[in-house]
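Data block below; observations after.
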Amino acid sequence: MTNIRKTHPLMKIINDAFIDLPTPSNISSWWNFGSLLGLCLIMQILTGLFLAMHYTPDTTTAFSSITHICRDVNYGWIIRYLHANGASMFFICLYAHMGRGLYYGSYAFQETWNIGVILLFTVMATAFVGYVLPWGQMSFWGATVITNLLSAIPYIGNTLVEWIWGGFSVDKATLTRFFAFHFILPFIILALAIVHLLFLHETGSNNPTGIPSNMDKIPFHPYYTIKDILGALLLILTLLMLTLFAPDLLGDPDNYTPANPLSTPAHIKPEWYFLFAYAILRSIPNKLGGVLALLLSILILAFIPMLHTSKQRSMMFRPFSQFLFWVLVADLLTLTWIGGQPVEHPYMIVGQFASILYFLLILVLMPTASLIENKLMKW
């Protein structure tokens, strides 16, 4: 008799995706982040669901409802902080996952990569609208500043901003719709993640060498299920350490002050995971130019498959490209640091240099290094 997991219509899908899936035998721990992102998403949906049961999306009671969750609801404080710090863990895994894709040339699977870029935009949108919900000072002013960027769009800008606000400023209507968006978007992310996986399983996984591994595959279970469980345990441990010992480490103290439209915080800044893009936005003195640079800093990822000039897929055997990749990582860390600093000398000039270097690396230096490496292969 054939095993039920191979015959049952539903079990067959699970079997082909997580049990009998032929997987390259040499994929490293950098391939763990996909499953960790799935885990993060499930955790965020579950903690978010329980938070939504006690939260009120109204300007007069939103801040108080968060206080109520933390003080009066059974284990409400841990649910709230797991959700807030879970977002940080989500982005750590997301950036590691993208870095892996860049380094090992996983972007050659174009459909998978493009869905990934769409997923990144969706996750960023979800995190942004979610940050507005506690209705603290940084929530309010963050929402005001970021939505206001759309007014840079010629002709329709101002109308568009007021349409998104649902009025003439960030107010009750804005908060209510942002709550609705924050509730629906994770389910859209879940659907997109399934499509992402569907496209990946059409081609099979890449591996560190970038060479086809069809002749050397092993079943996903038990080899990679156990490896994923180890990754999951490390993720949960890190999240619990952060949540239980330093829950406010990554948050902004200003968000413990209720939103006040009459008083602007000294330094308006987003959460750490958006700081690199915020630094690029601020480094351009022109409003429309800044908005375009901000959009392009993420959208540039969609053009990476077209910028691949190397004859090799992975960077494993390409020292020049490896060096430039780590320069890019250092540059992004620099931008993240600059984004959290006030707009004054010397931070401004450092931010401008780092922003130019970011685009220069991706558009010019890395493709050029690949061409040089192609020439060196003929020696």
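Using N, Cα and C of the backbone, Cβ positions are placed for all residues, glycine too.
For 33-53 (among others), the entry in Swiss-Prot reads transmembrane segment, with the evidence type similarity to another entry.
Residues or ranges marked as transmembrane segment by Swiss-Prot on the basis of similarity to another entry: 77-98 (among others).
Non-local contacts of HIS83 (heme b b562 binding site) by the CB criterion (under 8 A, 6+ apart in sequence, same chain) comprise GLN44, THR47, GLY48, LEU51. Secondary structure at HIS83 (heme b b562 binding site), as computed by DSSP, is helix. As annotated by Swiss-Prot, heme b b562 binding site applies to HIS83, HIS182.
Cβ neighbour count for HIS97 (heme b b566 binding site): 20 (other Cβ atoms within 10 Å of its Cβ, all protein chains included). DSSP assigns HIS97 (heme b b566 binding site) to a helix in the three-state reduction. The heme b b566 binding site annotation in Swiss-Prot covers HIS97, HIS196.
Swiss-Prot lists 113-133 (among others) with the feature transmembrane segment, giving similarity to another entry as the kind of evidence. Long-range contacts of the transmembrane segment (113-133) within the same chain: residues 55, 57, 62, 87, 90-91, 94, 98, 101, 106-107, 139-140, 142-143, 146, 170, 174-175, 178-179, 181-182, 185-186, 188-189, 192-193, 195-196, 199, 270-271, 273-274, 298-299, 301-302, 304-305, each at least 6 residues beyond the stretch ends and with a Cβ under 8 Å from a Cβ of the stretch.
Taken from Swiss-Prot, the feature transmembrane segment covers 178-198 (among others).
Summarising the annotation, Swiss-Prot assigns ubiquinone binding site to HIS201 and lists similarity to another entry as the type of evidence. DSSP assigns HIS201 (ubiquinone binding site) to a helix in the three-state reduction.
Residues or ranges marked as transmembrane segment in Swiss-Prot (evidence: similarity to another entry): 226-246 (among others). Taking Cβ pairs closer than 8 Å, the transmembrane segment (226-246) reaches residues 29, 32-33, 35-36, 39-40, 43, 78, 81-82, 85-86, 88-89, 93 in its own chain, all 6 or more past its ends.
The annotation transmembrane segment is assigned in Swiss-Prot to 288-308 (among others) on the grounds of similarity to another entry.
The list of residues near the transmembrane segment (320-340) in space but at least 6 beyond its ends in sequence, with Cβ under 8 angstroms from a Cβ of it, reads 99, 102-103, 269-270, 272, 274-280, 282, 310, 347, 350-351, 354-355, 357-358, 361-362, 365-366, 369-370, 372-373. Here Swiss-Prot flags 320-340 (among others) as transmembrane segment.
For 347-367 (among others), the entry in Swiss-Prot reads transmembrane segment, with the evidence type similarity to another entry.
The least crowded of the binding-site residues HIS182, HIS196, HIS201, judged by other CB atoms within 10 A of its own CB, is HIS201. HIS182 (heme b b562 binding site) carries a helical DSSP state (H, G or I). Cα separation, HIS196 (heme b b566 binding site) to HIS182 (heme b b562 binding site), rounded: 21 Å.
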